[in-house]
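Novice: Sharing a structure here in structure tokens format.
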Amino acid sequence: MEHEPARPRMWKAHGTGNHFILIDDPEGALDLTAQMVARLCDVRTGIGADGVIRVMQREGVWFMDYRNADGSIAEMCGNGVRVFVDHLRRRGFVDLQVGESLTIDTRGGTRKVDVISAPAFGDDAESGVWYRVNMGPAVLSGLGDMNVQVVGVPGTFSATRIAMPNPHAVIVLDSAETLRGAILPTVDNDEAPAPIRATYTPAPEAGVNLEMIVREANMPEPADASQPSVLSQDGGEAGTARGHLLMRVLERGVGETASCGTGCCAAAVAATMAASASGDEADAVPTSWVIDIPGGRVVVDCEGVVERDADGHIRLSPDTPVYLSGPATPVAEIILSAL
Ligand SMILES: N[C@H](CCC[C@H](N)C(=O)O)C(=O)O
């Protein structure tokens, strides 16, 4: 008797509202097409997700095969890395306790992930765990060479473009109210109806993720100086100046999402560059940022990433990594009926 090939097992999980379908494929046997990814991610006729993560191994190393909701391939996904490692732990693929680390592989290179205790301001009572990811160095791809217009936000904004290594354009808005007023499509920007499309001049050839940030004057409670930093658990500098950002994001290949990990890293680096350029005393420039996105809160640490060369010009260190810390939350195991 002929047997149907076993269907791959799938799960749904999110990292601060950036939601993913995980497909177990340890042997890398599945032929995952762009069309399959797009069908799974369709919120009406599929499961609905911002992206698909195929859980596989390459030469004995766990590899995050990440795809955007439209089926396109991205180099990296910061929230995805946390969700990926959390899934490996829950499935028993790895044995990893708080205080331990795992190095995984992605198209953007290897990433070391520490399992840490959730900080006091995290809302992760269930697991009590956060993940802190070494996201590698940020690369400056352009400063003031791209203008951005967003529907609902008056004016034209000069972008700070940063590769993490996926491409990001960060613009700074003046207030939380302005940020709330932005109208963003829920599909890839190029596919959106013209009246709600964000405009990039010049248009980025391989697309771009857009981050809109607002710097808040005050730290959120209770994440003030009296709280232990999630960063200090791994040698982060006690007394590092901290800042607070609000952010919304328009993801390449997806549309507006509730969170973007690589985008938060790009935003933190851009905010540190802006604070350095505004002439703040070096030790008052925040290098650790609490970032509130619509789907929750993450922390980005970029100590030593923004440097000044001998002529006083701001540049990014090619060797110093950016760290992203945040939660990972399982949602469901999926049994497909159709698709
Ligand atoms: N749409 C992005 C990839 C998703 C990254 C994001 N979800 C994250 O958490 O880093 C891109 O095409 O570059």
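Placed from the backbone N, Cα and C atoms, the Cβ positions cover glycine too.
Where the annotation comes from TrEMBL, it is an automatic prediction and has not been curated.
In case it helps, TrEMBL gives these features for our protein:
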ACT_SITE  Cys77  active site
ACT_SITE  Cys77  active site, proton donor
ACT_SITE  Cys260  active site, proton acceptor
BINDING   Asn18, Asn68, Gly78, Asn79, Asn166, Glu251, Arg252, Gly261, Thr262  substrate binding site
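How buried are these features, and what lies next to them?
Specialist: The DSSP secondary structure for Cys77 (active site) is coil.
Sequence-distant contacts (6 or more apart, same chain, Cβ under 8 Å) of Cys77 (active site) comprise Asn18, Phe20, Gly51, Ile53, Met64, Tyr66, Thr106, Asn166, Gly261, Thr262.
All protein chains considered, the CB of Cys260 (active site, proton acceptor) has 35 other CB atoms within 10 Å.
Counting every protein chain shown, the number of other Cβ atoms lying within 10 Å of the Cβ of Gly78 (substrate binding site) is 30.
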Novice: State the count of C-beta atoms found within 10 angstroms of the C-beta of Arg252 (substrate binding site), not counting that atom itself.
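Specialist: A 10 Å sphere around the Cβ of Arg252 (substrate binding site) contains 22 other Cβ atoms.
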Novice: Applying a 10 Å Cβ distance cut-off over all chains shown, what neighbour count does Asn166 (substrate binding site) have?
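Specialist: That number is 25.
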Novice: Distance check, please: Cα of Cys260 (active site, proton acceptor) against Cα of Arg252 (substrate binding site), rounded to an integer number of angstrom.
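Specialist: Per the Cα atoms, Cys260 (active site, proton acceptor) and Arg252 (substrate binding site) stand 11 Å apart.
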Novice: Under DSSP, is Asn18 (substrate binding site) helix, strand or coil?
Specialist: strand
Novice: Within 8 Å of the centroid of the Cβ atoms of Asn18, Asn68, Gly78, Asn79, Asn166, Glu251, Arg252, Gly261, Thr262, which other residues of that chain place their own Cβ, given that this set defines the recorded substrate site?
Specialist: Asp50, Gly51, Ala74, Met76, Cys77, Gly80, Asn209, Val249, Thr257, Cys260, Gly263
Novice: Please give me the CB contact count at 10 A for Thr262 (substrate binding site), counting all chains in the structure.
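Specialist: A count of 31.
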